[in-house]
């Protein structure tokens, strides 16, 4: 079987689609929190999880929002994930009642790292690939492992390299 380049099996996500799918994620999570169905806070994994986290927090009326910044890609190559910025320690504890949101779970390495830090948090992604699916508690759409997802914040009419560099 011929190997495909990432863009040859691409899944292009529009702003409307990420908005709809993020709202669907919020609806699936509604009433599922450990505190009488509520969540204490939403933590978005930056950068890709920022848009879905904002939409989920709005839909569920969760005002406490923080971020964790994990770098696991250098340009288009996956590398060992590292935490660049952690959320407030007082907020997080062991993660109980915290909803951690990302756009995609791919290999699962990012979520695996974050899960070791906050083992009782609930992990939710909009999209999931088979290799990473065991690391996520809730997701909306599964895509094949060899599909490259093109998010609207990464594209113009064609892929555009970030102005300041490659990562």
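Any Cβ shown, glycine's included, is placed from N, Cα and C.
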Same-site GMP binder from 79, 88, given that Swiss-Prot records 106, 107, 108, 109, 110, 148, 149: 79
Cα distance (Å, whole number) from residue 47 (5-phospho-alpha-D-ribose 1-diphosphate binding site) to residue 108 (GMP binding site): 16
List of residues, in chain order, with Cβ under 8 A from that of residue 149 (GMP binding site) and at least 6 apart: 10, 11, 13, 103, 104, 127, 143
Site of maximum Cβ density within 10 Å, from binding-site residues 107, 110: 110
Listed binding-site residues (106, 108, 148), ranked by Cβ neighbours within 10 Å, top entry: 106
